[in-house]
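The structure under discussion appears below in the form of structure tokens.
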Amino acid sequence: MSLNCVVIEPSALLEFRSKRVRHDSYHRINSDEIYQSFFKTHTCYDCMPKSGKVLLLDARLSIRKAFFALVFNSVRAALVWHSSTSLNIGLITISDFINMLIAAYDEKWNSVETLESSSILEWKQDLLKKSGINNESNNPEIIQLGPEDSLYTAISRLIKYKIHRIPVIDPLTHNFLFLITHKRILKFLYLYIYDLPQPNFIHQTLEELKIGTYDNLIVIDLQTKLIEVLRTFQSLRISALPVVDSEKRLRDVYSKFDIMHLAATHTYTNLDVPLCDILDLIHDHNTHQLVTCKMTDQLFELMDKFVTREVHRLIIVDDNQHIVGIFSMSDLMRFLVSTFENFSRTNSNTSTSNSIGPVFEGEPMDT
């Protein structure tokens, strides 16, 4: 027998053949629909990381400790586990922290001790009570996916419910596997991007495709108070705001995730400070680089920026750094799963997302 022989396990050979068949089939598909087919033929299980961090918090944990856990683990959300019923009762996210801070501020911080000592479950029950919902069982139906659900289904639900993330749950054990997001799906697609046939639109520019948000853009200046920024996040359900200087040029971007700095530094009791003071603390302007794009950039270049720079949105600017629009990962994924033939290239006044902001965030205790 040759010393250069290669031994392949039968299971590995079967997987290789199935991938080869699937890969070959892509070449028989209309190139403009190639990404739709990719999302339909791959599952959430395919997208699951081989190793990753799963954060599961007990509903009895205090809110203060819950947000410290988010900060310590550098995650934006965690699944909440109700031990009495052995059920997942939702997600706790940065949106919850924002709502808690606004409520405490409006009550002149009389409830700050309650804010720090109340449990996640008590906060959730208070939300339900204020909403007029009577839920004694603490067993709401949460939006979730199974590992065998397609990525197309995952993207469709993220878009439909206007949320950033959905928990993937094992249907047999009911174990929490991971959170699937637009970002994770796009990074998974990017692993195969050079092996797939290239659609015609991937080399078109934003100006030609008209994807993104261009009208009714919400921006803030450096003197805007932090409490006003939080109220904007809460009312418009957007996850980032461009910051402009006195000449209306882009200076920075303040996102919801930056708010976690308040929890990490215990500075959340002073919300009347101007935003410039906060930005000086969290961003080193000597090294901090804004990730922007222009209307003349091709779609493939923008996809590459999303993945390599690990951002959720790109601020579209002109040559003078004035803001033209915002192109978010939600806009991109919505475009990739839409039927390209039905997409209007001539409508320059509307976005494919028809959204009120660049990126959607779920309601408190995302369910």
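Backbone N, Cα and C atoms are what each Cβ position is placed from, and that goes for glycine too.
Note that TrEMBL annotation is computational and uncurated.
Residues annotated as compositional bias 'Low complexity' in TrEMBL: 346-355. What TrEMBL lists as domain 'CBS' is 138-196, 211-273, 286-344. According to TrEMBL, the region 'Disordered' annotation covers 346-367.
As a whole-number mean, the pLDDT of the domain 'CBS' (286-344) in this prediction is 88. DSSP assignment over the domain 'CBS' (138-196) gives 19 helix, 13 strand, 27 coil.
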